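What TrEMBL lists as transmembrane segment is 12-30, 42-64, 76-100, 120-142, 162-183, 203-221, 233-257, 277-297, 332-354, 360-377, 389-410, 416-434.
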Amino acid sequence: EEAVFLRKKITLLRAFSLLIGSMVGSGIFISPKGVLQNSGSVGFSLVVWFACGLLSMFGALCYAELGTRITKSGGHYIYILETLGPLPSFLFLWAEFFAIRPANSAVVSLAFGRYMLEPFFAPCAAPLPAVKLVSLLGYYTVLTLNSWSVTWSARLQTALSIVKLLALALIIVPGMMMLAQGHTENFQNAFDRQSLVLDKLPLAFYAGMFAYSGWFQTGFVREELVRPERNIPLAVIVSVITVIVGYMLTNVSYYTVLGRQDVLASPAVAVSFVQRAFKSLISVVPVLVALSCFGTMNGGIFTFSRTLFVASREGQWPPLFSMIHIRRHTPLPSVMLMFPLVTAMVCIGDIYHLLNFFSFSRWLFIGLATLGLIVHRHRHPELHSPFKVPLFVPVFFTITCLFTVAMSFYSDPLNISIGCMVVLSGFPVYYLIIHRQMSSRCRSLFYYLTHKLQLLLEVVQQEIKTY
């Protein structure tokens, strides 16, 4: 009885919550170990954390301008498509679907399961099969919620963003109190140059940038944002500054209470922190951390489903995935598509190997998207943008991303090579399926299967376009 399309339900508060909820998740609770391990010392690790925050701000400002120039949803995908063309955008989509997004979701899900079970098994580590089972239950819960309602997914994200900030506060406050009392012994000889290994620094940056990742999420839901020209830049700037301050204080608290060796030895840094700082909250903080990861899972599913939705609408993904449920007004097929790959990666994956595996592809395409901003400015000088950053910002960010990607081949050649091969495997798929037209028989079979799935899922094509 009413038009079927994605409604504009994301206000400024919800945009801010989406960004905070996507950035503050498993990263700050699992990445400190990876950053410290690959930077070599406490001092250099803090420099890496600040540099990653500054780099994230540069990237976020570039994406804010892209979000005001290009009025479609889809994030990285649509920015690369509109600026660099269909082949690199399809390669991104291919790598995102088969490597980046499932690996990212698996990392966050495993962190959720580990922290959720930690209070029940402390001081021992939780059994790995139990962690994986709880991880999958959490992921499936978020998947179901996103299939059911856009409004409730957004409300959950707002509530969990408050929980995330509370979890950070519970770590920051006791750490700052101990630091104020003169406990600075863990910062002695903080910049130990003997432990610095330059070829490992890209991996330290990958771990740090993973913790900040999420600053690009508003671009994925651009068509559902209220007043995007105003709200995208405002939400991006406020949220990234908030997270930089929070992360720096959190890491200082970790080192004040635990020290270098304890951070490296801990499978769950936040839990070890609570065990040392105040045992009365030993069962509270891990649950708050788990809820933070839950919010990151929710934000990831919410945004990536829109990428598949837009790619399908642009003709680079099967048409079923540009359809919307007739009553729920959610992109149901796009939401449901990811769960087989995420399930497989959770079952077989290790957090730190997964982190390096997907980081190569992610930062390669983010660098290409900001390169696209430079290209778009050059091609369309007449286009008025309500938000514009100085040219050196996208230039510096693009060079840094591509240089880090190139250096990572020396740091972790095996995992990076796997990620590279996943990207390159999209070339024959593009030329065989997208670039060339399917035969009439294959096309008929394809549309027959699509029609049957459409009836089963009760979904139809979007009736109006809101961009």
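Each residue, glycine too, has its Cβ placed from N, Cα and C.
For the transmembrane segment (76-100), the partner stretch with the highest count of Cβ pairs under 8 angstroms, out of 12-30, 233-257, 360-377, 416-434, is 360-377.
Through the fold, the transmembrane segment (120-142) approaches residues 105-106, 109-110, 112-114, 267, 271, 275, 282, 290, 293-294, 297-298, 301, 339, 342-343, 346-347 of its own chain, all at least 6 residues removed from its boundaries and within a Cβ separation under 8 Å. Only pairs six or more apart in sequence are counted, and the transmembrane segment (12-30) with the transmembrane segment (233-257) gives three or more Cβ pairs under 8 Å, enough to call it a contact. With pairs at least 6 apart in sequence, the transmembrane segment (203-221) and the transmembrane segment (42-64) have 3 or more Cβ pairs within the 8 Å limit; the two touch. Contact between the transmembrane segment (162-183) and the transmembrane segment (233-257) is supported by 3 or more Cβ pairs under 8 Å, counting only residues 6 or more apart in sequence. Here the transmembrane segment (416-434) has Cβ contacts under 8 Å with residues 86-87, 90-91, 93-95, 98-99, 315-316, 356-361, 364, 408-409 of the same chain, all six or more residues outside its ends. Across the candidate stretches 203-221, 233-257, 389-410, the maximum count of CB pairs under 8 A to the transmembrane segment (360-377) is reached by 389-410.
Cβ atoms under 8 Å from those of the transmembrane segment (203-221) belong to residues 10, 15, 18-19, 21-23, 25, 27-28, 31, 34-35, 37-39, 45, 48-49, 51-53, 55-57, 59-60, 63-64, 66-67, 73-76, 78-79, 104, 107, 228, 231-232, 235-236, 239-240, 243, 247, 296, 299, 302-304, 306-307, 355-356, 359, 362-363, 366, 404, 408, 411-412 of the same chain, restricted to positions at least 6 beyond its ends.
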